[in-house]
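The feature transmembrane segment is assigned by TrEMBL to B:21-47, B:67-92, B:153-186, B:265-283, B:290-307. Summarising the annotation, TrEMBL assigns domain 'ABC transmembrane type-1' to B:29-326. The domain 'ABC transporter' annotation in TrEMBL covers B:391-625.
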């Protein structure tokens, strides 16, 4: 589908003002073209020493015209404002809603900052272009046509000068546009990169300062800024020809009209042309040329906005790679999990499988620990269970049924995952917790916080559960954040609870207390725990050792300690000194 | 969020002053050109008036020959005026393109340079999105103001003044009529234009809110999915989006109607002037003017033209109001960043390469494996102290904000070559101590000595050169893997970089990347895992080869087996140098010479792992999992 068609879908309830605006504009243009005509007659009356009554009558007509023009102009401006702001609102809304349908795979494709830019700067660019289109893009050609017609009506042969000057300006403007647009396109890309590097710099200021790279960064930035500035200047310099070019054409017309106009008036004794028409001709020449000029500006704006439009459509066109099945299962029977010959890679293009040949059967209510090095694909494995990604080959079953048969929301509410890269949102602790269940009572909130060992520190905050969490949860410690995230997940009362390295910042004692609470209070729930520390999984029913996307071994702590080298290595590296001490 | 959009006093003056500083020659030329162009573009009215007067006199007799010469002369003069005006216009438009972009660049560079010198406190206490908007939104608002509004305002101001003079020259009465119209236009502009400016500023604030919300949600989009929270975030977004819409709609309504309103007031003014002119002609009202000319059609017609021009210029000025108000608000913020107080540095002791000659330390240019502190004294003499890595803190108190002390009475010593570990719960003050050693923050009470020198006396750059630091949150920069490692030592060869990567245990995964060391990283190494990013950060520190090193949770995302490999490499690298290690994972700190247990800003215990275990104190409890520090 072409870009404009995708975008046009977002106009919706603002169709009326979008149509009204150009209609009003057309009326306004008609008035604006008639006004000089009347003015010419008025001038002639004054010049001919006509009666004051006649002059006043023309004056009255003019005032009425001006009042009409004002009314239409104001109406046009207003509908245009509503239409363009409304269009922008709908675009932002459609973008946001579309992104909400994205699967994890879709989300991986776009960076946060690029999505933010698309929803703000890009939409603003398109909004401005839209305003231009429904207002100026209609206004200019109309104005051009009307002014031409009027000029011929009034000036007769004199108007032929426009046939000469207008194409001249047209060609000039065309050349300017053709030269600048590619330059602008290029420079906007560089400009984005420049801002991106500032962003990195601000975020990495500690690194910059600790390596004492301030001067290096300054120079690097200055070079990049210089480069951007050079390109911008080149483009703007070409664009700067526009205004003198327009003036040149206007002046040519003026000189021509003045000289030959005078000649025509005098030699024809005012028959072919009179003084009133003479000055009207000058007005029309101004209108014609400035319309052309505006038109060229509109072209530049639309082309620049074209880039933005393209980026917006990229998001709108991105189909979610995962759809919830129609009438899918809504109840997860129990907490069993089965992996049957599962292989998985993150994208079709990826060369390497993240998981390969996984066969795994977890009983309902079992506690499973997962241990493995960096890049062992532990997270990939558990993300398949709540269908955050789809398998490439093989089937994942939950409660005996293929995860693809479940209604997505039902599945994810009954299989709770505490992600490794977890976030809290700005708002109170209560509001954050209620993400797990928006109808939860205060008692329920306290209960899950007890389980997650969060109740104690929350009650030490002056505002307790109403304490505000800053954006990104920067005002609570890493360990506190993790415990809040666990509590939030527990609130779902899930059949399966997955903790992806969710207690890494929690001290061992608290970690043990959380596991104890989970064991005692939600025994029927299947618990899958990814951990770095063997201590976190020692008491699990079974421990899975992963390496390079495959399951290396499964067994209890004792079995693995005896039979698996990798597990033993990890255990020893964490406990060596302790054992020595116990000797 | 600090999202103030207000125009501060004196901003315009300062902006103009700074632009003159940037372009001391070109800008005055531009000003001259604009004035010249403006004056010249008001003159044609005079020639036109003259030509029309001639036509007026002779159109009835049809005698072209008698006036052809004089009309031709006027047209020629007019042509000369136009050519001059064109030349001026061409020149200043092109120069203005250079000045606009150049000024923006220079402001940007000034901001960036200033920013590099700001203390870490600034970045810790300001929202990063907010800092970014100085460079994007605020600078962008200046573009239109500098390139269009300011020349337009100047131009229109001069044209209006010139026209006013010419009008007075022709007829004072008629000029009064025009002035009456101007007063009305001014009032309308003030009301409608003021409303427009107000809502445009509000729109900027609303846009900032949308940006903040979208950023937060997009950042946590996966969490939104996991909790099926899409509907709730949609409705919250709708609320913010709708409020932006209402501000934007109002702002644009005001802005869009101002033009037609002024334009048609201009038209009506035209009628009034015409009627007055006609009335004066008919009633033969005696003219009052500086020229002494009597009322005639040859005065009224150009007067009408001037009225149009007059109104047109006022209209154009009014169209720039939004750009000016937003530009000035932007400039206010830009100056706010430029005016931030830079990080003070009163130190004079520097770090130099040195070698030992007959027991004396001698400064040398090339990189030796020995560093020395160069201490210039008040009397001009210089002493050298060998850099050893002896760090002592004496009775240090510190708090990030006044009256809220985080560290109490900290005294500690790290002897050269020792590996010192800090253990304690989050918030115990581990990271704070390292922030103080490299002077990201300055202490309130007490002293810190590095090799016996008070760190206040050491130049900050040299102090930081002597300390490598690897942080938990890794920041990589857009560029290749190789470039990122080389950040630690800009003149390092490829071999040095890959050696460092091997030491850090990063070499293996790097060679498995699609383009190896030449793989392009972007978005803070988004294509790498957190553990891999940490390995790269360690390689970057390793290539810097610093005399002392701080590892702040540097291996927290690396699994313990890989960590053991990294540790061996680091131990080899740091042999004989002082290392500070912060970790909550006890396996990371176990082999340290000294472990300090921090509890709520104080040192609770101190000793080696064996000693502390034997003490059966807090560390022992922590280690055996029987105690929680929080």
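Placement of Cβ uses the backbone N, Cα and C atoms for every residue, glycine included.
All annotation found in TrEMBL is predicted automatically rather than curated by experts.
Three or more CB pairs closer than 8 A are found between the transmembrane segment (B:153-186) and the transmembrane segment (B:265-283), so contact between the two stretches is assigned (pairs 6 or more residues apart).
Packing against the transmembrane segment (B:290-307) from elsewhere in the chain are residues 45-46, 48-50, 52-53, 56, 163, 166-172, 174, 178, 181, 266, 269-270, 273-274, 277-278, 280-281, 284: each is 6 or more residues past its ends and has a CB under 8 Å from a CB in it. Panel annotation: around the transmembrane segment (B:67-92), residues 29-30, 33-34, 36-37, 40-41, 43-44, 47, 50-51, 54-55, 57-58, 151 of the same chain, lying at least six beyond its termini, place a Cβ under 8 Å from a Cβ of the stretch. Remote same-chain partners of the transmembrane segment (B:265-283), defined as residues 6 or more beyond its termini with a Cβ less than 8 Å from a stretch Cβ, comprise 173-174, 177-178, 181, 184-185, 188, 295-297, 299-300, 303-304, 307-308, 310-312, 314-315.
The average pLDDT computed over the domain 'ABC transporter' (B:391-625) stands at 81.
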